[in-house]
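> Got a structure here, written out as structure tokens. Questions coming.
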């Protein structure tokens with residue numbers, strides 16, 4: 001509305017998001033290439049906002065926590081910081097070394113896709129995702145598939161982490177990056193030397209324009225007595241009066257106002273962190289602990305249900321496999337039975353044919369005998385006729401003998417076929433008996449599977465609980481404290497393991513690096529790493 005002040009618009013946005021940790025955020029706009037923040041006590045339209053409509057404001061984090069895990073209470077607050085820091089890293093507003101970029105990308109994938117499943121997350125599933133800064137991609141002779149393989153290898157290790165946990169792990173790593181949470185401003189000292197002023201949660205830092213990673217001088221908030229500006233001149237008075245006052249000039253009055261705003265807000269939060277939490281923050285933290293415990297119990301319950309479901313499905317699959325096996329055995333037995341019946345019928349038919357042939361041969365033998373007797377009776381007395389008759393008789397006798405032998409052989413063959421027929425019928429009887437047994441067995445198994453495959457009282461994946469209530473007693477809170485302490489020990493061990501993994505990845509991809517594409521920040525970061533310098537110990541040295 002026309003009469004609204006900055007606070008009215010800001011509060012409306014916060015209510016819409018369900019955000020209570022409002023002190024970190026603000027509404028940003030750009031005027032004449034300079035960033036500015038909406039003042040809470042001033043009317044929105046009284047600000048020097050752009051004249052074109054609609055007027056655009058960006059809801060962003062204005063101040064950053066020193067320790068994200070301790071200070072960011074609400075899940076929505078963590079999520080907003082995660083989105084903003086991730087974008088700053090991808091846009092290269094925050095320098096991130098290559099190996100840390102891969103690790104951060106794996107946590108971003110866990111936050112978006114949940115647990116890794118090789119059946120779902122197949123090769124190429126990250127092809128359309130923007131996960132690494134372009135500087136990192138250009139620095140190595142590596143294909144997108146090679147990057148995806150390394151990100152996925154770490155992604156698979158994050159199994160079991162919920163979205164909020166993965167995002168918090170992302171922030172815990174990102175907050176140790178040198179440029180995290182620093183607002184840079186171009187300034188000149190009294191001698192006219194160009195410098196950079198950095199304002200962050202820890203204090204004020206002076207940098208060389210070519211080195212935004214390592215400050216030359218630092219003024220922690222607890223060592224600053226006063227900050228003021230007059231026109232374009234800015235003055236920092238240290239608490240120790242023996243130390244010289246530091247003065248510098250900025251390019252615009254508007255920039256000085258912005259620097260002072262950031263100094264006041266960061267200093268207030270710095271002092272606030274070192275005091276007891278307000279009642280509102282205590283309530284928020286208590287609610288967050290209860291919510292975290294509830295979610296943990298819910299996740300454990302879902303994990304148990306999932307395990308029971310998987311066991312039931314495995315049992316069902318085993319029963320189905322056994323049933324299929326029994327069906328196959330029954331089919332094979334049935335086929336064997338049919339073959340036995342066909343063989344038996346064939347043998348019976350063959351035996352009948354052999355028996356008929358034996359009868360026919362016996363009949364022919366009898367006829368031959370009769371013919372021989374007839375020939376003997378009607379034999380011609382002449383010698384020639386006698387000789388011929390004797391030869392015919394001999395031939396008839398030989399034929400009769402052969403027919404008798406053939407008849408005997410056929411008879412034996414018929415007996416053998418009868419015996420084979422009897423054995424075939426015995427095999428048929430046994431096959432029928434086996435089929436009957438298999439049929440009974442499969443019926444029993446199927447009856448059992450119908451009662452054991454999926455028990456009626458098996459928990460289901462019902463994610464919407466009708467009623468969930470928890471009574472957190474003192475013993476519960478003590479137990480939760482012990483668990484938190486245990487988690488801290490585990491975190492230290494994981495951190496050591498994580499550092500080893502980072503070093504291993506750095507060594508692995510070092511051979512693929514294109515040295516000529518290294519930026520000034522890459523070189524500075526490598527120098528700091530070789531000296532063992534980190535963000536916090538560097539600030540302590542130059543304070």
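A Cβ is built for glycine as well, from the same backbone N, Cα and C atoms used for every other residue.
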> Suppose you had to name the range TrEMBL annotates as region 'Disordered'; which of 370-389, 390-409, 410-429 would you pick?
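Region 'Disordered', as annotated by TrEMBL, spans 410-429.
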> Quick one: sort out which of 502-522, 523-543 is the region 'Disordered' according to TrEMBL.
523-543
> Excluding the flanking five residues on each side, which residues at least 6 beyond the ends of the region 'Disordered' (410-429) place their CB within less than 8 Å of a CB in that stretch?
337, 340-341, 343-344, 347-348, 350-351, 354-355, 357-358, 361
> Along the coiled coil (481-522), what average pLDDT does this model show?
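That stretch averages a pLDDT of 73.
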> How many of the residues that make up the region 'Disordered' (410-429) does DSSP mark as helix, as strand and as coil?
20 helix, 0 strand, 0 coil
